[in-house]
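Q: Quick paste of what TrEMBL says about this protein:
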type	residues	note
TRANSMEM	31-53	transmembrane segment
DOMAIN	45-294	domain 'G-protein coupled receptors family 1 profile'
TRANSMEM	65-90	transmembrane segment
TRANSMEM	96-122	transmembrane segment
TRANSMEM	202-230	transmembrane segment
TRANSMEM	242-265	transmembrane segment
TRANSMEM	277-296	transmembrane segment
Amino acid sequence: NQQKMVPGNLSHVNTFILIGVSDDPYLQVPLFFIFLVIYGVTVTGNMGIITLTTIDSRLQTPMYFFLRHLAIINLGNSTVIAPQMLVNFMVEKKSISYYGCATQLGGFLVFIVAEIFMLAAMAYDRYVAICNPLLYMIVVSRKVCIILVFLTYIYSFSTAVTVTPCVFSMSYCSSNVINHFYCDTVPLLALSCSDISMAQTVIFISAAFNMFFSITIVLVSYFYIILAILRIRSAEGRKKAFSTCASHMMAITIFYGTLLFMYLQPGSKHSLDTDKMASVFYTLVIPMLNPMIYSLRNKDVKDALKRFLNIPCQSLKNI
């Protein structure tokens, strides 16, 4: 898989080889079925959230508006990664085209950055709901929700079209074998034989800014939320207020914890094998878990699901 050099110190790479989660041939079939189940549950869960928050009149609130878009983002993130990954488990040559690799990286960046800021928007929504409940529908109006979601998608797309060309402007002249299960920035830059300092700087600044800005919003929101909860005199009131944030707190803890571990390590301490395990978590496992986190402990979603499932039953009774 060595690539030939072409004039101008650039290599012409038509395809990349993805090693995958493991290169052990005996693990390919078991891993295929494990990740097929994970992807199947992810699609079912997130499509369920999208459907319920779209059609059920009682879920037409800002909280569920943001939750619907989080489900869209989770579904998109998994779909960018999982289908190619599943195919590669079953074929001998685990290849992806040059432009396919660039598209996958771009798509991944769009959805991962969008998720970072969607979780921040949801934290702000919870802050207003608990700290200013009387003004909630005015402060977090339909117009404000649409603007926040629009800005999230525009910014994430802008990040993708900035970082992706930066990575693919590198020369790949020694190997095209990517030690990963999808095209990500770190393993791609590890293959380059040109100066990657500028690309590394752009990626690090982008990741650090995104994490700092979004985590600041989350921490400030939850600081005031905790203060507001502590001021509630009744234990029942505190419990009710806390329960409205519990699912979101669990989701952001898992997601941000994994991303901080993955992207803000010094370059010298990066282990691609460790990064692969972290990547499995936030590209495939977290999108599967989020619908469960937000629905299993949420009475409104469970009631909406019951109403949705009762529609076919009522139709059959009327036949």
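Please read every residue number as a count from 1 along the shown chain.
Each residue, glycine too, has its Cβ placed from N, Cα and C.
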Q: What same-chain residues lie close to the transmembrane segment (31-53): Cβ under 8 Å, and 6 or more beyond its ends?
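A: Result: 20-22, 59-60, 64-65, 67-68, 71-72, 74-75, 78-79, 82-83, 85-86, 89-90, 284-285, 287-288, 290-292, 294-295, 301, 304-305, 308.
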Q: Are there at least 3 C-beta pairs under 8 angstroms linking the transmembrane segment (96-122) and the transmembrane segment (242-265), leaving out pairs fewer than 6 apart in sequence?
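A: Yes, the stretches contact each other.
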Q: Other than its close neighbours in sequence, what residues sit by the transmembrane segment (65-90), given a CB gap under 8 Å and a spacing of at least six beyond its ends?
A: 18, 20-21, 28-29, 31-32, 35-36, 38-39, 42-43, 45-47, 49-50, 53-54, 96, 100, 104, 107-108, 110-112, 114-115, 118-119, 121-122, 125, 142, 145, 148-149, 152, 181-182, 283-284, 286-288, 290-291, 294
Q: By a Cβ-Cβ criterion of under 8 Å, what residues six or more beyond either terminus of the transmembrane segment (96-122) are in contact with it?
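A: Residues 13-16, 18, 63, 66-67, 69-70, 73-74, 76-77, 80-81, 84, 148-149, 151-153, 155-157, 159-161, 163-164, 167-168, 178, 182-185, 188, 210-211, 213-215, 217-218, 248, 251-252, 255-256, 259, 282-283.
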Q: For the domain 'G-protein coupled receptors family 1 profile' (45-294), provide the mean pLDDT of the predicted model.
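A: The average pLDDT of the model in the domain 'G-protein coupled receptors family 1 profile' (45-294) works out to 88.
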